[in-house]
């Protein structure tokens, strides 16, 4: 009997072979590469041409801003509180404004004031309560109005701060802000535009000390009651996207921005996410804590590598960013002043003040080209459409044989597709996160992608694609089921945003609608070319599906690329977590975030493209790319001068009266690579600290947060801090008197004690802040309008009350504390001074350039009352 011939295999839909799959993969890679390049140019403002300092006077000029900025950040050595540079900067700003006032035409009324602000209040910062007392911080204020304006006319406030953080020249943060404001004020006058409502420019001199300049203005200045709207400009980086991070109260500020900005850069998700970032801006003073004035918080957010470091210099600003900011500001100032008293604004303001208009609108920019804006009520309708369509799809798929049973069976099938796609997205998040953790088991450095962000994409994007495609191989479903399941998943996410009351959801809504459009065109192409071969139909339907999706994919890459770059940069300052697991956290977060971004950048194509790409050979290739990228990453160093590691060096002198009891160097870092990593890669500094012997990391060298109280509450970002012995006598060559707390008088009544105290700051002359840490039965004090806040834990001990004092150091601080029992009050006094003795400067110089050290001197003393 002759052997039977094997049955002929029917060609499947992907009967094309691995070569066809590779071609599809390469074509999609080329498409995503081209779109990514375009998104990159937009994110870094490469599409904006900066104007030079010879630009026409009627134009905003980045060149003229840089000229101001050179004076503020190069010619003036430092603008920190306690530094002579802060006063020099104030006088430069005032001189420039007075020059403008002198040459303004008669149609303008220009007033320039120099004011000193003082006060005391409590606030939450980094999720910890702190009380602030301040005195004689300098603000420079200018009001530009028409010559017929009245003193009480509603005004627009434009705010920026000219002080800079410890150890930083502050070119971006926020020299770029005040330099832009100087150019903007010049432009108002030289362009001949007379504001319909007064414009107040507040150059505030104490933002880095927890928003003191803006607090002093809004509480004490005679113009504070006229402010009807504000624009706060800030910098959390050196340029790039100038993002509207907060808007409100009400929808009016964001609506004006959407209608006006030349280069709109805003999305409502930023406001939902703002609280996660460690930091704050003057926006909270104007719109939340003290008043509820409607306004915008506009912030440079990329280039965060240099934020609050010595590398925040003129050279590291991103070209085009200031130009885009300035042109936007000029348009915004015009629009705000013109619409300030419109009926729409009156309603918005009243709603905000009455607590009625709490809902936030939905808005986002499309690659800074235009803005999409719609109200919360409209979003409720729009964002409900995809989920409604999802439940109606089974009717269309079974038409005309529609029964309840057929609808239910089809819906269950689509839900299976939804689960498949959801499982793929989950794997796309967990596989790169797992790969990141696995890499750290075989290498000694975390965050290797920090100085090489492109490596994060090479490591984690292929791994995410494996996760996204893997379920299609293991769980065979039809393309139609997979497509509608994916559509249903994005619809459910969109609806979840609506139900949660958040301002996002626009991204998944955009994805859902784009998928519908692509699917519709793909169906038309299939019907038109139904006489062609299955392979030709597949190729054309894939192209027909992808092409209408390109605007959505481009936006997803723009949005996702910005998010990942921002996240990578911020991982350098998000805080160090305790061992052994804290070491893994940043890599896992970045891997998971990139997986999430892949879920919305490639996820919409997965149902159609997976028939080509869900092949073992493709997944093996992606795995090989991942392994190679992980191996390369493990060989690269995490830091560079373009991506420095942040290190804090505190030289502490423990004093008793005017005697030095002890002296030590304290070290801490604010990312995952510990001090052991730092000293292993800075051997000269390690030998210097231990007299040329091997540096030890024994328990006796560890320090707790109480030794860092001069920086409170920033030390909550620290873990694994170390301290080493230092010389004691060198400081006496510079300072002969140290800070000292003295009792003036004590009053007792019915078991209550009130102790009047005097804090002398000695001969210290470069003081940043003085911090009081009071532990014990404190029942009241003279700070913050005699209101005692909730106590705060500092370092595992009993809760305590923290007060930060700042201002001129040549006058003593007088205050009182009240206790409700005879138990002693303990007061730790920590005074942070910016002067460094020569030995500390020598130690600092031994660290490599990739380590940016913020160094200062702290005088610490303890008193019992």
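Any Cβ shown, glycine's included, is placed from N, Cα and C.
No curator has checked TrEMBL annotations; they are predicted automatically.
Feature annotation from TrEMBL assigns domain 'Peptidase M28' to 139-332.
Across all of the domain 'Endoplasmic reticulum metallopeptidase 1-like C-terminal' (643-863), the predicted model scores a mean pLDDT of 91. TrEMBL lists 643-863 with the feature domain 'Endoplasmic reticulum metallopeptidase 1-like C-terminal'.
Among the features that TrEMBL reports, transmembrane segment is placed at 20-40 (among others).
Sequence annotations record features per position, and here TrEMBL assigns transmembrane segment to 380-399 (among others).
As annotated by TrEMBL, transmembrane segment applies to 419-442 (among others). Within its own chain, the transmembrane segment (419-442) has Cβ neighbours under 8 Å at 459-461, 463-472, 475, 477, 481-482, 485-486, 489, 583-584, 587-588, 590-592, 594-596, 598-599, 603, 606-607, 626, 630, 633-634, counting only residues six or more beyond its boundaries.
Residues annotated as transmembrane segment in TrEMBL: 454-475 (among others). Within the chain carrying the transmembrane segment (454-475), a Cβ under 8 angstroms from the stretch's Cβ atoms is held by residues 420-421, 423-432, 435-436, 439, 448, 482, 564, 568, 590-591, 594-595, 598-599, 602-603, 606, 610, 613-616, 618-619, 622-623, 625-626, 629-630, 632-633, 636, all 6 or more beyond its ends.
Under the heading transmembrane segment, TrEMBL lists 495-521 (among others). Remote same-chain residues near the transmembrane segment (495-521) are listed as 267-269, 271-272, 359-364, 372, 379-380, 382-384, 386-387, 389, 483, 486-487, 544-549, 551-552, 555-556, 559, 600, 603-604, 608 (criterion: CB distance under 8 Å, separation of at least six residues from the stretch ends).
Under the heading transmembrane segment, TrEMBL lists 542-568 (among others).
Look at TrEMBL and you will find 588-606 (among others) tagged as transmembrane segment. Distant neighbours of the transmembrane segment (588-606): 28, 32, 421, 424-425, 428-437, 449, 456-457, 459-461, 463-465, 467-469, 472, 482, 486, 490, 507-508, 511, 514-515, 518, 545-546, 549, 552-553, 556-557, 560-561, 563-564, 567-568, 571; these residues of the same chain sit at least 6 beyond its ends, with a Cβ under 8 Å from one of its Cβ atoms.
Annotation comment: TrEMBL describes 618-637 (among others) as transmembrane segment.
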